[in-house]
Amino acid sequence: MGMVETVLGPVDANELGKTLIHEHFYFGYPGFQGDMTLGTSDFDEKKRQGIEVARLIQEQGVDTVVDPTPNECGRDVNLLKAVSEDTGLNIICATGYYYEGEGATPYFKFRQQLGTAEEEIYELFMEEITNGIEGTGIKPGIIKLASSKGEITEYEQMFFRAAVKAQKETGIVLLTHTQEGTMGPEQATFLIGQGADPSKIVIGHMCGTTDITQHLETLNQGVYIAMDRFGIQGMVGAPMDEARMTVLMGLLGQGYEKQLFLSHDTVNVWWGRDPVIPEPIQPLMQNWSPDRLFKRILPQLKERGMTEEQVSQMLERNAGVLFS
């Protein structure tokens with residue numbers, strides 16, 4: 001098997017073990033940097049919070065977490081390294097940018113007007129992949145990409161093209177964000193059309209749609225998809241977990257377990273001030289935890305007929321193949 005970069009260095013992909021493909025230890029929407037007077041940035045406190053999250057995840061038997069936090073959304077590889085060193089949890093970090101509507105767009109939009117943005121994005125990806133992030137020597141194991149609801153904008157396409165160019169040179173995995181259950185098939189088509197290796201692509205948040213034809217259209221292009229938002233229900237366009245499980249069982253019934261990942265997309269520690277959750281939404285948020293899959297979802301899926309072999313395939317073996 002091949003090697004994959006973690007925040008502590010290369011690890012044999014065959015030794016990743018049980019893997020959650022999409023969880024955020026630390027995340028902040030761009031703009032949080034201006035609110036740090038009231039939002040704590042104390043390293044030791046953030047480290048303590050991250051360790052608590054890692055311990056909770058490890059209690060479920062998880063060995064590896066992919067943290068696809070984009071560059072402009074509070075990615076902090078020094079904190080991730082500290083958490084990994086203290087707990088022994090493998091953490092794979094990302095290089096990449098968020099979608100246009102919620103990312104930090106002015107910097108590269110300005111450079112797009114100058115005609116240099118796409119090449120500079122490629123240079124950034126290559127520098128971080130080959131030499132490390134911000135002088136730390138810590139290298140990403142994935143490129144994070146994201147598209148808007150119903151379209152891949154011209155701004156977003158720059159990152160997609162630059163990522164494919166970097167993948168051709170390095171073999172790095174591309175992992176995406178789809179917005180509100182849209183553009184999964186189109187993301188796969190675009191990336192593959194640019195020359196990306198479908199076996200190194202994970203189309204994320206596909207459980208945002210309950211239209212199984214969208215899942216099949218994506219899977220049949222040879223990519224992986226991630227059912228990775230268990231616990232996010234009834235908000236940001238997300239369906240309920242019950243509907244997600246119905247789709248997942250349908251895909252398993254058609255033999256797609258070798259192309260599926262499971263996760264939660266939790267944000268465990270916020271940069272800036274902690275968000276104040278409106279009272280009507282609070283009951284929904286109680287289910288958004290990185291252990292929900294193991295405590296609630298998998299037992300229900302097994303009652304529906306999912307086998308231990310299928311669980312092992314999705315949570316363990318697929319990661320080994322993807323990162324090999």
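Any Cβ shown, glycine's included, is placed from N, Cα and C.
Copied from TrEMBL, the annotated features are:
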- H22, H24, K144, D265: Zn(2+) 1 binding site (BINDING)
- K144, H177, H205: Zn(2+) 2 binding site (BINDING)
- K144: N6-carboxylysine (MOD_RES)
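Note on proximity: among H22, H24, K144, D265, the binding-site residues of the record, the Cα nearest H177 (Zn(2+) 2 binding site) is that of K144.
Other than the site residues H22, H24, K144, D265, same-chain residues with C-beta atoms no more than 8 angstroms from the centre of those residues' C-beta atoms, the Zn(2+) 1 site, are E23, V66, D67, P68, T69, L175, H177, G204, D228, S263.
Comparing K144 (Zn(2+) 1 binding site) with H205 (Zn(2+) 2 binding site), their Cα atoms are 13 Å apart once rounded. Proximity note: of the listed binding-site residues (H22, H24, D265), H22, D265 have a CA within 10 Å of the CA of H205 (Zn(2+) 2 binding site), given in sequence order. Other residues of the chain with a Cβ within 8 Å of the Cβ centroid of K144, H177, H205, the Zn(2+) 2 site, are H22, P68, Y99, L145, A146, L175, T176, T178, G204. The Cβ of D265 (Zn(2+) 1 binding site) has 25 other Cβ atoms within 10 Å, all protein chains considered. Secondary structure at H22 (Zn(2+) 1 binding site), as computed by DSSP, is coil. H22 (Zn(2+) 1 binding site): 25 other CB atoms within 10 A of its CB, across all protein chains. The Cβ neighbour count for H177 (Zn(2+) 2 binding site), using a 10 Å radius and every protein chain shown, is 25.
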